[in-house]
Structures are given as C-alpha cells and as structure tokens.
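Notes for the one structure printed next.
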Amino acid sequence: MAMTRYRVRPMRLRLVFLFMSVALLGTLCSAHMHVSELRYLQQQARDMFYHGYRNYMEHAYPWDELKPLSCSGRRWDRRERGDLDDVLGGFSLTLVDSLDMLAVLGDRDEFACAVKLVSSSVSFDRDVTVSVFESTIRVIGGLVSAHMLASPEYFGMMDETEYNGELLELAEDLGRRLLPAFETPTGIPVHRVNLRRGVLPRDRAANLTCPAAAGSLLVEMAYLSRLTGDESFEERAKQAVVAIWERRSDLDLLGSSIDVGSGQWIYSHGGIGAGLDSFYEYLLKYHLISGDSQWLAMFNASYHAVETHVNHDDVYIEVDMNGGRNQVRARRVSALQAFWPGLQVLAGDVSGAIRTHEHMFSLWDEYGAMPELLDLAPRGTSKPGNRGTVISWARTAPLRPELIESTYHLYQATKDHKYLKMGRQMLQDIRRVSEVPCGYAAVRDIHTLDVEDRMDSYFLSETAKYLYLLFSDEPDVIVPAPARQRNITTAATNRSCSGTIPDEKHTLGSSIPCEPRTTNVSSTLEESSYVRRNRKPLKASDVVFSTEGHILMLDSHLFRRTTTQKSSASPKCENGKLQGHRRNVELEVARQVQATPPVIPVGVAVRIGGVHVMTLVASPAKFGLQVTTPSAVEAPLLLFTPDIGEACGSIDTDRVRGKIVMVARGTCTFAEKALRLQSAGAVGVVAINSKATSSRYPNRKYSLADDARGLGQHVTIPVVLVAREDATQLHRHASLKWLLGDDEGDSDGENDVQTDSDVLIGSLSPWLY
C-alpha cells in the first residue's frame, strides 16, 4: 500500500483502532520470562563458571587465584596487594572454593577429579600468614561443604571406593592451625595467624579486628565440630560472638572495630556494610542450623536495632552505636550491604527486602556494575542518575555476589519474574564488561568500566552460582545424575582433570589423570544400586548457604534440637516486621515504585520455537502502546528486510500482518513508520538505530518522541529502538540457529531467516519489571 502523503480520515481511524485493539488482544500475554530464555540464561551462567574455572585450572592452578588479564596465577609468596592478599595461603583457594559449584552443576566427574586433586596436593603446613576469617569461610567452608556432598554418609556424589573423608581431615588440620588466634584475653580472635608458627608478635600487637571478621566463623566451625566430634572449634567461635555481643550499646548496636585485648571499641560507628555484614547473617544462620532460640533472640534484637537506627527511608547508613539515628556518622552505601535483602527474606521480612533491594539494584542499573562505596547526596536531593558520588579510593567493582544472592532469595520467595529480569541484566553486564579470554576481570574504575587483573575466588563460588540457581526451573539445588550417566562417564579411560599440578617451585607440570576404575558388570550393578539409594535431590529447604555461598546440608543428626527450644519464645520486632525465621507466608509482592526514571527500557526476547536466541534491550517511544505493565506483546518477528527497509514507502500487508517488524531508522519519523506499519496490520515496531553505540556510554537509553505533526497520537502499537550492534548480532544468531535446525538441507542461510521468519517469536515486555 503506497502512501505519498499521510492523512487518516476520522471514520477510517476508528476502524483502524478497532482492528488493532482486536489484534492486540491476541498478542498480549503474561510478562513472565519464557522457559526457553530461562534455560538460555542458565546455560550462559553455566558457561560463565566454566570459562573462569577452566582458565584458572589451565593458567593459575595451584596458585590461589587467577589473574585473568595476564593469564597467570596470583602468588601467595609475593603479597603484591598488601593486606588484600591475606586471603592467599598457597592452598589452591579457587579450586577449594569451587568444589560445591561443580556438584550444583551436576558435573560428577569433574567434582570427583577436583576432590582427588585437593586431597592429594593441598597442604596447610606452610610458613604463611593468612586471614583467620577468609581461611575459615572460604577454605574450611569449601572443604566441609564438599565433604558432605561427596560422602556416601550424606549426599553421596562419590562412593566408598572413591572417597573416605580426606577433605574433612584437611579441614580439621586447618581448623587446628587457626585456633591459636582465639587465645586472647577477651576470646575474640586476632585477625591473622601463621599456619606453621601460630600468632606472630606483630599480629599479636595488631589488636584490631571487626565484628564480621571475628564473629562470622561460627557456622563453618560448628559444622567442623559436629563432623569431627571435636567441640573446641564451635565453642571458640561461639565464645567470640558472645564476647562481641556483650559489648553492644544500650541500643543493641555494634561498632565497626574492636580491640581484641581490651574489648574496647576503637571505631564506634557502624551500619550493615563492611565490618559488620556477616555478623548479623550468622546470628540467624546459626539458629537455623542449631535450633537454639538464644541466637534467634540475639538476631531479633540486632535486626530491630538496625531497622530503627540504621535504616533511613530504606537506605542503610552509618550511625554511632551509642547515638543511633540521632548521630549519623556517614551517609554512604557499600556493595557489601546488598546482602541485606537476602537476609531479610530468610528472616521473614519480605516486604522490607523488596524495598531494600529496589534501592540497591538502582545503583547497579545506574553504573552497569555495583559501586564499592558511594557517598550519598544530601538527604532530599538525590534523584535517578545522581544518587551520590563514588568515593575516589573505592572506584572498583570486584564482581561481588551479594546483590545477585539477594536477587536469588527474593525470586525464591516471591516468584516475581522482575527478579529474573534483574538477574538477566546483571549477567549481561558482567559478560559485556568483564569477560576476557582468560576469565572474568574485576572492574578497576566504575566510571569507565575499565578492568583490572583480578578474579577473586568468590566469583566462581558465589557470583556464578547464584546466577545459575536464579535461572533454574528446578526446585532443587542439586539434582544427582542418573545412574546410567555415571556408568558412561566412569567407563571412560585416561580422563584428566581440567588442571595440572606443577611442583612446589611452580614450573610447568603434567596433567594428573584421575585413576579410571575398571568397569565390569558387577561394579556397574553395584554403582547403579548405590546411586539409586542416593538419588534424592537436594532442595533449597535442605541447605543453608554460608556467607561464602557454600552449600551446607541441614542434618538433624549433626545438630540435635531439643523440643523445648521454640522460635516463638524469642522476642519479636515491633510493628510485626519479624515473626521468627520462617518466611512470611503472605509473600509481599507489591511493587515499590520509585520516582519514574526518564526512560523505562523494554526487553525484546526472541526465540525460535522453544529455543531462546537472545534478548535485546530497547528504548521505548513516548507514543503508542507503553510496555510498562505486567503484560507482554508476543507475536511472530519479522527481521529487517531491504524491501521494507525504513518503512517509509509501500508496505506489503501480507508480509507484516500480525507481526512485530524490524525496520531501519531514517528517512521518515518513528511515528510515521509506526502508523504505516500499524495500518498494514503489524502489531509492533522495532527500529534499528543507524548510529553505532558509544563505547563511553554503552548503556545510554533514548526516548523516541512524536513528530511535529503529532502522528504518534494515532499509534496504538508498541514502538522501540534497539542498538545497531544488537540487531546485527540477532541476525547472526537467528541465522545460525535456523541453519542448525534445518533438516531439509535446502536453506541458503541468512536470507531464509529474513524472508521467512514465522518461526521467530518476539516478545516485548518491561526490561526489568
């Protein structure tokens, strides 16, 4: 239908509106993420883990962490970054930290191989000084978690012929080497200990520690005690927490730094960020694993104090422990605070978690990563795009997991798909900014998104794990592999682990193969019988995630609970906010709407049948149907074709009727393109930007305005703009998937996709909500 001048008569306009209203009724659907996209994103999270893991094993093992830009290992004996390297101890930290993630992925063979590598190569008999806190949560936690997953007595990823408690022995050895740190007048441990020589004089003199470092050892130490039968680990860790708690203020608040010798507070200000974060977390989690109501009472009191004094309009700032909300010390937000919404979910305050998470995620959305430390704008002056100023010495973003962890917990509690969409954005941002050939590099400068030669072990143990679990359509954390699958893999001969074991001088080494077991009918039947006995999936309700993200199985035999200890006997927070540790059955899902941002992005999800292709982020027009509701517009997608081009001339109605159509930007206005396509029967317009995306502003969103003639007021279909690079990538991906799915062999490639795109389904829904 050729159009030279665009005029619409009133009666015809009414008929067009009526036709389009009926057509759109058939295309509106739930804005829930399609299962094909969910699986696609989970596969991306899986690939993310393996990209980091395999590069660590190839380029860094047995050093503790990977340096992804130089494709090398970070040496524990050089201390290149000062105190930051206290986490390094020469014990293959990243491998130990990643063990349970291999189980989550169902990679039984690599898990078994990695367990054998750790068992045979890791030693703690080293003259190296390490952080007591980091060694406990990362190493003891990783070993204990993997022990329970491997052990036939618990989950049973391995059988009796493969595993006999070697990881637990290592954990116990490390635990004993850390115990000298607790030998202080207060029972609060010093921050560092030498694994061979105990607490050195210089570390004894450095008496400062923080509640998070000294008081967040209890969960791992409790498991170590219960599994080994040695109560000293749990008792020492418990005494340290009590010693800190007894020194709280009359407001039930804590400071951020304490002297382990005198028990005096050195810094009396605090919040929920660095120095205090995991202290609160472990009060609740120790109650969850032990059932001891005393710890729930302590958590309730601290939670109420934080919500009363630290929470200012759902933003958590720093206050003096004695003055509370009347004595604000700093209006700043740290990346570590993003764990709080997840803790609120576990505590049952889901509505509070929703509000807190909304504020924290807005920072990620603004910067494309999570700022490490932000000074907030003066109260009442912040606005979208200007929440505050990133502190100059804290401009990094080391791929922390806390915000993703909270997103996972909120999705589990509410099943609101907006959290899947938030996870999608975080996953795509990490890949876009941090993925390099040898792994994932931390952000060096939050303003430029330049990266640095750093990949902390928690990126694999937590960040990738929570992304993978967020996008899982299974209710289980770990699903054991079927017996037949295990038999096939164990029958393989000469299989090697992903890594190598260089000698102590760290020269190039040779691959160390897992010893293949002889597979015969008898052993296969025996293994099949064993696997059948242990094929019960591990559900989220069966585990507690440690502060390092390790999966710790809840086991009634380890923690025998007395029937007299009931949560209801403990104090509750005011206003009915906290009702014990059980999740709030009402599951508050009401949206907390902030000031409307200038542009609300739209997600354009594309799939071929049941296979997700990709999701593009688009800028919406100010006219036409606004994709801001919980509904989506879904229809066949017609990719860009030269005959339609910019949609400023004649349009074949048979080609576009009932479809979302991709067109080029230019020649005529967005409103005219939309009105022409709408009249031809299209149900949506995706315009492709003619300009390349600026490398300086990769996340810039546009707002498509109506033209001077006001044609936009007649448009009733959605109109969005996507980046040129994304459209090109979509064509390439769709063409590849088309070719791979073509059984007749007569496809001529990309042209087939362009001219016959009925198999392509496009879904327009809010990018985040």
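In case you wondered, yes, glycine gets a Cβ from its N, Cα and C as well.
Automatic prediction, not curation, is the source of TrEMBL annotations.
Annotation source TrEMBL lists active site, proton donor at E134, E372. According to TrEMBL, the active site annotation covers D277, E402. The feature domain 'PA' is assigned by TrEMBL to 646-730.
Per Cα geometry, D277 is the residue among the active-site residues D277, E372, E402 nearest to E134 (active site, proton donor).
With respect to their backbone Cα atoms, E372 (active site, proton donor) and D277 (active site) stand 14 Å from each other. One residue stands out among the active-site residues E134, D277 for having the most other Cβ atoms within 10 Å of its Cβ: D277. Cβ neighbour counts within 10 Å, taken over all protein chains shown, single out E402 as the most crowded of the active-site residues E372, E402.
Cα-Cα distance from D277 (active site) to E402 (active site): 11 Å (rounded to the nearest whole number). According to DSSP, E372 (active site, proton donor) sits in a coil region rather than a helix or strand.
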